[in-house]
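Colleague: Have a look at this one.
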Amino acid sequence: MKTIIALSYIFCQVLAQNLPGNDNSTATLCLAHHAVPNGTLVKTITNDQIEVTNATELVQSSSTGRICDSPHRILDGKNCTLIDALLGDPHCDGFQNEKWDLFVERSKAFSNCYPYDVPDYASLRSLVASSGTLEFINEGFNWTGVTQNGGSYACKRGPDNSFFSRLNWLYKSESTYPVLNVTMPNNDNFDKLYIWGVHHPSTDKEQTKLYVQASGRVTVSTKRSQQTIIPNVGSRPWVRGLSSRISIYWTIVKPGDILLINSNGNLIAPRGYFKIRTGKSSIMRSDAPIGTCSSECITPNGSIPNDKPFQNVNKITYGACPKYVKQNTLKLATGMRNVPEKQTRGIFGAIAGFIENGWEGMIDGWYGFRHQNSEGTGQAADLKSTQAAIDQINGKLNRVIEKTNEKFHQIEKEFSEVEGRIQDLEKYVEDTKIDLWSYNAELLVALENQHTIDLTDSEMNKLFEKTRRQLRENAEDMGNGCFKIYHKCDNACIGSIRNGTYDHDVYRDEALNNRFQIKGVELKSGYKDWILWISFAISCFLLCVVLLGFIMWACQKGNIRCNICI
């Protein structure tokens, strides 16, 4: 019985040697591109989702959680608002003459001096923030006939009643308050910012007690402007034990101009001026901590890297920042179209080319060759076509960043309640800009992705056509990215095809002869190999069944005896 089974096995092996796929006079050469098991989906102009081997995320969606103190000079407002620091609130004295690129206002900031309001708060805040300094110069104003340096228990500096350090509260001297008429020329070559105010007593009694006159008036003029303020006497909500208020105003005096102050009462006078500088300093409301790190881009959420062209962390930014978009993700293709390799290629592991799928594990190149010949199988990358594709894809990310990064800051915009319609319009414009940029970003990335995929497909086709031109009639295009070579082609021959030194004339006669011989016996169906192997397997199976049947019949008749020993 053992002899019969052994003979059957030998017979099947002999038949297998005569199948066309094992003919040593031919070889198979396939071309394909790199593939990965799990690619990345990107969007192109023609396809919402197409898989590529590699892609780079273009949207920065998270911050560091802290504001970096470099390269920008960050000034932490702590418990002080910028306006309180400007006026000289006692608990903000540490900010005198400070400079910054970005002033960070905290939600915990508070005022701790005489209650005040600023009718044009947003404009003053923006002006001082962009100036980037609280540098203050005292001037010798001549306030004759009045008492200076008024203070209040609502504004303590240590244990003493005090006032804003940059303002001078004037009130009557003995029982008189003369008309004040003071001028101050600007003989320097820069703009000067003067901060002044008007006191609004809570009662008529307080008005006459401080300023004698029942109604005061303050007029501040330059050659270009004039402001006249009449105090509004009356009670207001109590703040820090007071129902009176101070209104803060400001005047810019240009070089060569003159500041003129005229008043018969209620004047909160300036002590000097602030230097106004032009620059790109700014202010931001944020509760993010300030850390020791470096980042060009700052948002209220914290600093973010600017190595991506887009971000959706916050609309408010400072520095060289990615463009704000609504999308959470935009992926830029930096690899080729991905067609994962099929895990099984038939019973005998046939190879296939790029028409069917890519190849995994090709780490030394994007495009390459696989071959099957009398010496076995092998694989090699084509470095020239790989480098051609990489050279064109490299730099895509940098080019997109250059097109989109803002080299300026997007400041916070504030409006008073009376400017509500302007605020609504500004919000509409900002939202429209964001919508437009979000659409443009998606379109830009889709165009770049389309170009990348078309480019990598083109390099694959170029390599295939180059190989076809070398082989000519010595091989047949199998329609799946492979060539059936009709002559014996060892590894040296395969290498010459890869490096472009293959001479088809050397193998022409052998190839033509083999082509005609093989064509005479090959099936024309696309499933010829499958049919041959299935027929072979069925034949072997039937042969074994017949032999086993014969053995069982012989045993039953007593012609063969089987002994089973344990």
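Glycine residues also receive a Cβ, built from the backbone N, Cα and C atoms like all the rest.
OK, Swiss-Prot features for this one:
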type	residues	note
DISULFID	Cys68-Cys293	disulfide bond
DISULFID	Cys80-Cys92	disulfide bond
DISULFID	Cys113-Cys155	disulfide bond
DISULFID	Cys297-Cys321	disulfide bond
DISULFID	Cys489-Cys493	disulfide bond
CARBOHYD	Asn24	N-linked glycosylation site
CARBOHYD	Asn38	N-linked glycosylation site
CARBOHYD	Asn54	N-linked glycosylation site
CARBOHYD	Asn79	N-linked glycosylation site
CARBOHYD	Asn142	N-linked glycosylation site
CARBOHYD	Asn181	N-linked glycosylation site
CARBOHYD	Asn301	N-linked glycosylation site
CARBOHYD	Asn499	N-linked glycosylation site
LIPID	Cys555	S-palmitoyl cysteine
LIPID	Cys562	S-palmitoyl cysteine
LIPID	Cys565	S-palmitoyl cysteine
SIGNAL	1-16	signal peptide
TOPO_DOM	17-530	topological domain 'Extracellular'
TOPO_DOM	552-566	topological domain 'Cytoplasmic'
Colleague: Can you give me the Cα-Cα distance between Asn181 (N-linked glycosylation site) and Cys489 (disulfide bond) in Å, rounded to a whole number?
Modeller: 108
Colleague: Checking the contact step here: among the recorded positions Asn79, Asn142, Cys155, Cys293, Asn301, Cys555, which have a Cα within 10 Å of the Cα of Cys493 (disulfide bond)?
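Modeller: Near Cys493 (disulfide bond) by Cα: none of them.
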Colleague: Taking just the CA atoms, what is the gap between Cys80 (disulfide bond) and Asn499 (N-linked glycosylation site) in Å?
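Modeller: Cys80 (disulfide bond) and Asn499 (N-linked glycosylation site) have their Cα atoms 73 Å apart.
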Colleague: With H, G and I counted as helix, E and B as strand and the rest as coil, say where DSSP puts Asn79 (N-linked glycosylation site).
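Modeller: Looking at the DSSP assignment, Asn79 (N-linked glycosylation site) belongs to neither helix nor strand, so coil.
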Colleague: From the recorded positions Asn38, Cys68, Asn79, Cys297, pick the residue whose C-alpha lies nearest to the C-alpha of Cys555 (S-palmitoyl cysteine).
Modeller: Asn38
Colleague: Per-residue pLDDT averaged over the topological domain 'Cytoplasmic' (552-566) comes to what?
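Modeller: Taking every residue in the topological domain 'Cytoplasmic' (552-566) and averaging pLDDT yields 65.
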Colleague: Can you tell which of the recorded positions Cys68, Cys155, Asn499 lies nearest to Cys321 (disulfide bond) in space, using Cα positions?
Modeller: Cys68
Colleague: Of the recorded positions Asn38, Cys155, Cys489, Asn499, which one has its Cα closest to the Cα of Asn142 (N-linked glycosylation site)?
Modeller: Cys155
Colleague: If you measure Cys155 (disulfide bond) to Cys297 (disulfide bond) at Cα, how many Å is it?
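Modeller: So the Cα of Cys297 (disulfide bond) lies 38 Å away from that of Cys155 (disulfide bond).
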Colleague: In the structure shown, with every protein chain counted, which of the disulfide-bonded residues Cys293, Cys297, Cys493 has the densest set of Cβ atoms within 10 angstroms of its Cβ?
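Modeller: Output for this query is Cys297.
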Colleague: Can you tell me how far the Cα of Asn54 (N-linked glycosylation site) sits from the Cα of Cys293 (disulfide bond), in Å?
Modeller: 31
Colleague: Can you tell me which of the recorded positions Asn38, Asn79, Cys297, Asn301, Asn499 is spatially closest to Cys68 (disulfide bond)? Compare CA atoms only.
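Modeller: Closest by Cα: Cys297.
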Colleague: Could you check what DSSP calls Asn301 (N-linked glycosylation site) once collapsed to helix, strand or coil?
Modeller: coil
Colleague: I'd like to confirm something. Which of the recorded positions, Cys92, Asn301, Asn499, has a Cα closest to the Cα of Cys293 (disulfide bond)?
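Modeller: Minimum Cα distance from Cys293 (disulfide bond) across Cys92, Asn301, Asn499 lands on Asn301.
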